[in-house]
Each structure stands twice: as structure tokens, then as C-alpha cells.
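Enquirer: After the C-alpha cells below, expect a handful of questions from me.
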Amino acid sequence: MALPNQQTVDYPSFKLVIVGDGGTGKTTFVKRHLTGEFEKKYEPTIGVEVHPLDFFTNCGKIRFYCWDTAGQEKFGGLRDGYYIHGQCAIIMFDVTSRLTYKNVPTWHRDLCRVCENIPIVLCGNKVDVKNRQVKAKQVTFHRKKNLQYYEVSAKSNYNFEKPFLYLARKLAGDGNLHFVETPALAPPDVTIDLAAQQQHEAELAAAAAQPLPDDDDDLIE
């Protein structure tokens, strides 16, 4: 979904909207993809930066036009123009901030009000940071709404490709689609404790086997 002033491409392209509280790392995440950062365009009428992120799959090249809010969400909700024609989405929160997770349902509601039945990935960012406040087992919203969830670290590139691969498979209707080439990413700014993160992922898997809690606040006080 290209903007009027953007060049169209002769391979599949999709509008991907990225939402979440300010400071959760949405811009940092998108900017890891170097060609997308180099070719980004600013759309002044809506106040967004659009990053064209290309990925190479076994079925050919695809492009996500990633819409980044440029921080407007700090001043209230986003305008409908940001969401209109969105074909897929990422909702991001910060695992070091309980409030950003508490606000995920609001972002999900706003998104679904305009974009019905699109594939959505929930991402818990900043898993490289030691003082994690939202534990893996406390993340249950995706199970209630049938979303995919990934733990990511924008600054270390950990799991960078997973949300895009999931969305590409959903949009193509092909569960066997896979990336055949790694996109050029910015060098990691931090290193992640892989042993600790594997423990978090194990907790996540164990929690998925448990019944959902009855409360709506997902255990976050």
C-alpha cells in the first residue's frame, strides 16, 4: 500500500502499521532495517515516516511499508488516517514498563475499530534490559485475542525477523513461506543474555499451557 508520492513496486507490498505507547522502541525497531531507513519518506499530511522494508522469501520478494508514528501517540490517540488501509500490524510494548503493557488493549481496540480482521503481532521489546517488569508468564493478552506474540530486542536485533515472517505467511496464506536472505541490519548496540532469554521463552511456553486468568488486567498491577 504505497502513498501517492511513493514509487510502486512490481512485487507484493503491504501497509504495516506499528502502534504502542511512546518510548516502547517502535522507531528503533523499524530503523534496524538499513535499506528501509535509507529509503524512508515523510508523509506530512498524516505526520508519519513510512519505511519500505523489503524481505526475500522462497516465493519472491515482498515489501512492508512500515508506518511509524513519529511520536505523535505521546499527544493522545492516533488519527484514523494512520490506520486506514492497514493490511497488518505490530503492537509494541516495553517489558520494562508495566504501563505500556496495560495500554495494549486500548491500542488493539483502536486498531480493530478501523482495520478489521488483519493479522496482528504483539511484540514485547527491550528483553535485553535486566530490570524486566512484565514477566513472560504475565503476557496473556495475545491468547485472549488470538494474536501472535514475540519477545524482541530492537537494539540487539534479537528476533527482528520473526514478526515480519509471521505476517508474510499470513498475508500470503502460506505457512511454509520462509526468508531466504537476511536483510541488512544495523550492527547490534547491545548484547542479549541468551541464557536468560531462553528461560523467559520457556516460561512463555509453560504459561501457554495454563488456563487463561479470569481477570482482564493480565496480572499486571
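Backbone N, Cα and C define each Cβ position, glycine as well.
Not my notes, these are from Swiss-Prot:
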DOMAIN    10-174  domain 'Small GTPase Ran-type'
BINDING   21-28, G71, 125-128, 153-155  GTP binding site
REGION    40-48  region 'Switch-I'
REGION    71-87  region 'Switch-II'
Enquirer: Starting from the Cβ of A154 (GTP binding site), draw a 10 Å sphere and report how many other Cβ atoms land inside it.
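Expert: If we count other Cβ atoms within 10 Å of A154 (GTP binding site), we arrive at 27.
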Enquirer: So for G25 (GTP binding site), how many other CB atoms are inside 10 Å of its CB?
Expert: 19
Enquirer: Over the region 'Switch-I' (40-48), what does the predicted model average in pLDDT?
Expert: 80
Enquirer: Counting by DSSP, what is the helix, strand and coil composition of the region 'Switch-I' (40-48)?
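Expert: Per-class counts: 0 helix, 4 strand, 5 coil.
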Enquirer: Under 8 Å Cβ-Cβ from D128 (GTP binding site), six or more apart in the same chain: what's there?
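Expert: The answer is S153, K155, S156, Y158, V190, T191, I192, D193.
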Enquirer: Non-local Cβ contacts of G23 (GTP binding site) (under 8 Å, 6 or more apart, same chain)?
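Expert: Looking at Cβ-Cβ distances below 8 Å from G23 (GTP binding site), excluding near sequence neighbours, one finds D94, S97, T100.
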